[in-house]
Amino acid sequence: MYETIHMLHSYLAYVALAVLFLAVVNAITGLFGNRIFNMGKDLRLSLFALILCHIQLLIGLILFFVSPSGLSAIQEFGMGGLTSAARLLAVEHPFINILAIVSITVGWSRHKKFVEGNKKFKSIAIFYGIGLLLILSRIPWGQWFN
Ligand code: HEM
Ligand code: HEM
């Protein structure tokens, strides 16, 4: 169970990060290029990034409860007893990534309310951009497929 969920979370991280990155770049170029928000390509890319992040959130939440590096580590060592590497996995990564996905979801919800293309692009660019930066700030780079 743990191995499967962990593997899913590790592989999906590549896809989710790549698509999120593309959605941010697309929104920034759309905003500065004064493009019309295309209900095919632009909408699909932003929605695809949202869905992948939500699936990653769901798998991450399950992982937090089944992984020895998640809740179990906090229960075993206590908040104060965690090393900085253990704190990254059990506390910082889950907490910051939940905030990141909230930001991405807010960006998606806001974009739907606007009619003008530049406001849609701006909402995606800012809120997805903040989400991407938050996620990148707390990836356990050292153990990802090491
Ligand atoms: C812990 C699990 C999840 C939470 C807390 C969550 C939360 C949310 C929230 C609050 C929204 C509202 C955004 C809005 O106002 O438009 C939303 C939208 C959405 N979620 Fe999730 N979600 C979760 C898991 C998933 C999963 C597993 C999927 C896909 C398999 C998914 C697909 C979507 C889609 C497609 C939308 C956009 C709906 C639309 O605007 O058309 N979510 N989610
Ligand atoms: C888009 C958001 C996220 C990305 C890109 C992401 C990515 C990653 C990556 C690359 C790892 C290291 C995997 C490895 O060891 O090979 C990891 C581990 C982990 N993630 Fe996430 N994650 C995300 C969201 C979350 C969320 C929301 C939670 C929990 C609420 C979570 C919980 C965990 C836990 C507990 C581990 C440690 C697993 C272990 O070593 O046993 N992640 N994540």
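Just so it is clear, glycine is given a Cβ too, placed from its N, Cα and C backbone atoms.
Taken from TrEMBL, the feature transmembrane segment applies to 12-33, 45-66, 86-109, 121-141.
Outside the transmembrane segment (45-66) by six or more residues, the chain places 1-2, 5-6, 8-9, 12-13, 15-16, 19-20, 22-23, 26-27, 90, 94, 97-98, 100-101, 104-105, 108, 111, 124, 128, 131 with a CB less than 8 A from a CB of the stretch. Long-range contacts of the transmembrane segment (121-141) within the same chain, counting only residues at least 6 positions beyond its ends with a Cβ under 8 Å from a Cβ of the stretch, are 13, 17, 20-21, 23-24, 27-28, 30-31, 35, 37, 42, 46, 49, 53, 85, 88-89, 92-93, 96-97, 99-101, 103-104, 106-108, 110-111, 114.
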